[in-house]
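Below is one structure, written out as structure tokens; the observations come after it.
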Amino acid sequence: MTSTSKPRITIVGYGSQGRAHALNLRDSGFDVTVGLRSGGPTETKARADGFTVKAPADAVKGAEIVAVLTPDMVQPQLYGEVIEPNIAQGACLLFAHGFNVHYGQITPREDLDVVLVAPKGPGALVRREYEIGRGVPSVYAVHQDKSGNAETFALTYCAGIGGARQNAIRTTFKEETETDLFGEQAVLCGGATKLVQAGWETLVEAGYQPEVAYYECLHELKLIVDLFYEGGVTRMHEFISETAQYGALTRGPYVVDDNTRAQMKKVLTEIQDGTFARQWIAEYAAGNANYKSMKQADLEHPIEAVGKKLRANMKWLSTSPQQAQPPAAALEPQTAAA
Ligand code: NAD
Ligand code: MG
């Protein structure tokens, strides 16, 4: 494949990342085609946004870059049955998460360039930051460089979605996969959720009002995280009281203690040795019964009903994640610390 400044791009999948990438790349002047199953849930949306939508097999045929933006668990079959038989010789295959390549679920054809461009944020924010003239920080990696231009393709795509406007950091498929999984499991999604739920339960079980506990353990977390985002833990210490600082410094280690650190290490080990990947792949293959019931328990946790009632009076909140405002801090001019 010859390297052009504006390669033809096909995006397969039009969900959180797919829609944001497709819209940003089109606005950056790229020729974008969307590949979706006919009658699938997002086809109408892609057409309403003005894209040419084709069946995945047809959509990948003429593309110089094919971005695989379907859920991770459907990618191996999609690659084997649809992408590999149809993707052009020498094209560039692009992922937004290294999972399937790193854990050997996809072994890309030898003639392809294989790269990763992973924005460090949800799709709605990838789109919004682009629209206001910035981008979310991204990492990129090269797994296979057949043409000698694989890094250029990754950086061109990264710039097209707005990610290179911020610091784009070069990584590897292994590092991106393992750190991304660790972050979402131990800190961002798993750790934060369980911390909030346990804190709320502790207060409510001790007889405090559920609504007051909600403000303390969930609502205010955003305000603290905004300070982290703007200026790190340093910024938080500048804004909280001395009493809060002393309490945080002496009692924080009660909660995140040696046992918590050992558990974090266990989370990381299970990512590194493939235990987590094998378990998730087996769960998906078996129909997701455990995943669905655990998720339902999260959705039915009593803090959700309390929050729903309180948020009904927070008129500044929108209901759809696609319309959600970025954090207040994201609207501030970028600083070296951000
Ligand atoms: P998603 O679940 O939001 O979207 C999935 C899309 O794929 C939908 O358009 C769906 O209709 C389509 N799809 C499903 N099965 C298909 C099939 N067999 N053939 C064709 N299309 C199919 O997915 P997402 O969360 O945007 O994740 C996409 C990729 O981006 C994943 O690799 C994920 O790890 C990565 N990623 C996601 C985020 C995020 O914030 N969601 C962040 C960084 C990276
Ligand atoms: Mg992730």
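In case you wondered, yes, glycine gets a Cβ from its N, Cα and C as well.
A TrEMBL annotation is a machine prediction, not a hand-curated record.
Of the candidate ranges 234-254, 255-275, 318-338, TrEMBL annotates residues 318-338 with the feature region 'Disordered'.
Together with TYR14, GLY15, SER16, GLN17, ARG37, THR42, TrEMBL lists one candidate of GLY123, GLY133, GLY135, GLY148 for binding NADP(+), that being GLY123.
Nearest by CA distance to GLU216 (Mg(2+) 2 binding site), out of the binding-site residues ARG37, GLY123, GLU184, is GLU184. ARG37 (NADP(+) binding site) is 42 Å away from GLU220 (Mg(2+) 2 binding site) when you measure Cα to Cα. In sequence order, GLY15, SER16, GLN17, GLY18, ARG19, ALA20, HIS21 are the residues of the chain that are 6 or more apart from GLY123 (NADP(+) binding site) and have a CB within less than 8 Å of its CB. The secondary structure of SER241 (substrate binding site), as reduced to three states from DSSP, is coil rather than helix or strand. Close to ASP180 (Mg(2+) 2 binding site), meaning Cα to Cα within 10 A, are none of the binding-site residues out of TYR14, ARG37, THR42, SER241.
Secondary structure at TYR14 (NADP(+) binding site), taken from DSSP and collapsed to helix, strand or coil, is coil.
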